[in-house]
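Working notes, structure below.
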Amino acid sequence: MALFIFLILVGYLMGSINSAIIVCRTFGLPDPREEGSKNPGATNVLRLGGKQYGIMVMVFDALKGILPVILAKFLSAEPVTVAFTALAAVVGHMYPVFFHFRGGKGVATTIGALLAFHFIIGVMVAATWLLVANFWRYSSLASIASISLAPFYSLILVGNLNIFPPLFMITILVLYKHRDNFNRLIDGKEPKIKFKHSVIEEIMEASPATSAEQEFPGKEVIDTNIDETEKTEQAEAVKKPKVKKATTKAKKTTSKEETTKKPKSTKPKTKTVKEKE
């Protein structure tokens, strides 16, 4: 009994370390509890910061489920105790004591705990998530489908009815956390997974045409500021040589006129000198 309580406490406290909030604070990202879907999980961090931060949070969340289960198996706990340790880690992720009981939805932590509990079950759940997400592009639908099948995968592969209740409780908690997503899926308002590097990049990509689109709504607007500046620079560069050529031509004409005028003025002078002699 003492081992059971100890493992439950360890699982809950490790699950309460919310990696999404820590990663966002460390790298200066928005608070996932206040921005995006307002869920401090890997998918929301993916939307807010990019793929690298989303993967980082996903790995940390999975480790929160892996480490307590490995500890329980290392201490030779019974399979039921190991399953309840996994449940405690998921509950800690959903309702963390360190972050005012506002946590994530527990999908990555559940998959990590299942990988440590029974590797094949964890692989099957992860493969189900990837297949559903690949075909329908809904993270919530993939989570609901994969976690819902976890207890039945355990019955098929393990065949131990004692581990079914804690795994079924994990499924109920995950479904409860996804209740809003479930309603949005029915209404067709659930956002799909977008593999953008950052939400800021989406804003920057759309920003150059916003002012022009407001002035000319309903029309395609092309940004020609760069082309116009290039044209003006080229025009100025072309005009400058023409002015120089014109000045050189004027100088040549004046010099020719001076040369033609000079002989006319000198010839009469020579004649007058000879006549005097």
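From the backbone N, Cα and C atoms, a Cβ is placed for every residue, glycine too.
Per Swiss-Prot, the features are:
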type: TRANSMEM; residues: 3-23; note: transmembrane segment
type: TRANSMEM; residues: 55-75; note: transmembrane segment
type: TRANSMEM; residues: 79-99; note: transmembrane segment
type: TRANSMEM; residues: 111-131; note: transmembrane segment
type: TRANSMEM; residues: 155-175; note: transmembrane segment
type: REGION; residues: 207-277; note: region 'Disordered'
type: COMPBIAS; residues: 216-239; note: compositional bias 'Basic and acidic residues'
type: COMPBIAS; residues: 240-253; note: compositional bias 'Basic residues'
type: COMPBIAS; residues: 262-271; note: compositional bias 'Basic residues'
Two-stretch contact, the transmembrane segment (111-131) and the transmembrane segment (3-23), at least three Cβ pairs under 8 Å: no
Same-chain residues near the transmembrane segment (155-175), Cβ under 8 Å, at least 6 residues beyond its ends: 79-80, 82-84, 86-87, 90-91, 94, 105-107, 110, 118, 120-121, 124, 143-144, 147-148, 182
